[in-house]
Amino acid sequence: MPAGGFSVPSSGGTEFEAKITPIVIISCVMAATGGLMFGYDIGVSGGVTAMPDFLEKFFPVVYLKTKDPNINSNYCKYDNQGLQLFTSSLYLAGLTSTFFASYTTRRLGRRLTMLIAGLFFIAGTVFNAAAQNLAMLIIGRIMLGCGVGFANQAVPLFLSEIAPTRIRGGLNILFQLNVTIGILFASLVNYGTAKIKGGWGWRLSLGLAGIPAGLLTVGALLVVDTPNSLIERGRLDEGKAVLRKIRGTDNIEPEFLELVEASRVAKLVKHPFRNLLKRRNRPQLVIAVALQIFQQFTGINAIMFYAPVLFDTLGFGSDAALYSAVITGAVNVLSTLVSIYSVDKVGRRMLLLEAGVQMFLSQVVIAIILGIKVKDHSEDLHKTYAIIVVIMVCTFVSAFAWSWGPLGWLIPSETFPLETRSAGQSVTVCINLLFTFVIAQAFLSMLCHFKYGIFFFFSGWVLIMSCFVLFLLPETKNIPIEEMAERVWKQHWLWKRFMDDHEDDGEKKIGYKNGFDPSYQL
């Protein structure tokens with residue numbers, strides 16, 4: 001049975017007629033600013049926590065540790081649970097809000113959910129920039145986290161559903177491109193605000209998050225909702241009009257009927273989260289969950305959150321640390337552009353496998369250099385070694401940015417059938433934020449205890465995830481979303497067992513139109 005729960009005209013699949021219209025490009029660019037906010041939040045926290053004025057006001061214990069040569073330890077000077085909570089509280093809030101976002105995405109639509117995210121972002125930015133104490137700072141981060149939960153739920157779905165099949169991968173990666181631009185923007189802002197005298201530079205860093213927050217809010221007001229979402233909520237005429245508008249053609253009937261049928265089947269599912277656990281949905285669920293866990297265990301967030309702190313720890317000095325973070329941010333953006341160009345040409349698997357080799361080797365080299373050359377109390381890394389470390393970090397970041405970064409979001413958003421898509425995306429975001437929280441909360445303590453071994457730790461995970469891709473991840477490029485089951489899962493050596501079992505056990509061929517038995521229960 002195909003993913004949407006209905007038969008397609010031929011086993012070869014359907015390529016619906018669709019032009020690449022200006023409204024699709026504009027809508028996707030506007031929606032993807034949700035990624036800009038997420039990226040800015042990731043990038044700004046690492047830079048701000050390396051600013052002495054910020055540490056002195058909110059984390060005096062850490063500030064004293066960084067200044068006291070007697071208790072200073074290169075790998076341990078930033079090890080503080082409160083400081084880690086400042087960064088990770090955002091992801092914990094995002095995790096919780098994801099479940100509410102799943103409901104709003106389904107009932108109110110993708111567009112309104114993005115608007116809610118924008119309003120949360122604006123409120124969080126105001127609290128953070130005006131913070132007078134730690135409580136106010138954490139409340140601001142929690143509000144930003146709610147924004148992240150709602151945006152990460154709605155934006156990838158919006159992009160996958162509005163884009164024509166042949167460029168779906170590239171347009172979906174706009175979200176990740178904006179994440180990388182947000183990180184770079186934050187690094188540049190931190191580089192500038194760190195030089196401000198008078199102790200208010202960190203306020204400007206946190207306050208400038210208002211720019212991407214405003215862009216997302218305005219964008220959500222201007223874009224149209226997706227045809228899938230409108231049809232799912234019973235607004236068929238409106239959905240058809242929007243489909244005609246975004247596809248740039250009058251020949252939309254086949255795609256419209258497929259969406260209507262997918263919606264009809266989706267409505268039969270009263271409990272999407274329970275349905276997600278059914279046997280036929282396990283392949284998508286296993287892959288979505290695994291991709292989110294693996295994405296965090298590449299070690300990327302550890303490097304991106306704390307790039308300034310990490311480079312400072314290695315003895316680069318505060319200014320040079322922020323400068324290095326800007327370099328890695330720029331590499332991140334450029335490499336994501338590579339992904340946009342190549343994802344619909346070479347496919348998802350090839351990008352993930354190539355990047356696995358690149359990330360593994362670069363992390364091993366970093367660990368060896370740091371193990372030999374950076375002692376716990378050494379003041380600086382020799383210039384040549386410092387340059388090699390930065391090059392290796394850039395090599396790692398570039399590989400991540402054209403593989404696990406964008407594809408960790410793209411693949412789950414394009415594989416779930418409509419009846420479980422909101423629930424599936426909710427679980428995807430939830431798992432991602434849960435493990436982002438774990439890494440954010442634990443990284444500085446891990447750095448203190450593992451020291452250079454932390455890079456060996458992450459490289460081991462890269463090896464495991466590459467094996468997973470090699471054996472268990474099917475290729476999904478250029479396949480319409482509603483045909484994934486027939487053309488992807490039923491063709492895979494392992495996952496087809498879950499599909500066939502469902503078909504043999506429950507789907508009785510008794511003449512139901514389109515081959516679906518509404519009374520079927522597992």
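Glycine too: its Cβ is placed from the backbone N, Cα and C atoms.
Just so you know, TrEMBL annotations are computer predictions that nobody has curated.
What TrEMBL says about this one:
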DOMAIN    27-477  domain 'Major facilitator superfamily (MFS) profile'
TRANSMEM  20-40  transmembrane segment
TRANSMEM  112-131  transmembrane segment
TRANSMEM  137-159  transmembrane segment
TRANSMEM  171-192  transmembrane segment
TRANSMEM  204-224  transmembrane segment
TRANSMEM  285-309  transmembrane segment
TRANSMEM  321-343  transmembrane segment
TRANSMEM  350-372  transmembrane segment
TRANSMEM  384-405  transmembrane segment
TRANSMEM  426-446  transmembrane segment
TRANSMEM  452-473  transmembrane segment
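Distant neighbours of the transmembrane segment (452-473): 286-287, 290, 294, 297-299, 302, 348-349, 352-353, 356-357, 359-360, 363-364, 366-367, 370-371, 374, 404, 411, 443, 446, 494; these residues of the same chain sit at least 6 beyond its ends, with a Cβ under 8 Å from one of its Cβ atoms. Across all of the domain 'Major facilitator superfamily (MFS) profile' (27-477), the predicted model scores a mean pLDDT of 87. Long-range neighbours of the transmembrane segment (20-40) within the same chain, counting only residues 6 or more positions beyond its ends whose Cβ lies under 8 Å from a Cβ of the stretch, are 114, 117, 121, 144, 147-148, 151-152, 154-155, 158-159, 162-164, 167, 171, 174-186, 208-209, 212-213, 215-216, 218-220, 222-224, 245-248. Taking Cβ pairs closer than 8 Å, the transmembrane segment (204-224) reaches residues 23, 26-27, 30-31, 33-34, 36-37, 40-41, 44, 47-48, 51, 111-112, 114-115, 117-119, 121-122, 124-126, 128-129, 131, 140, 144, 147, 151, 158, 182, 185-186, 189-190, 193, 196, 242, 245-246 in its own chain, all 6 or more past its ends. Contact counts against the transmembrane segment (384-405), taken as Cβ pairs under 8 Å, peak for 321-343 among the stretches 171-192, 321-343, 426-446.
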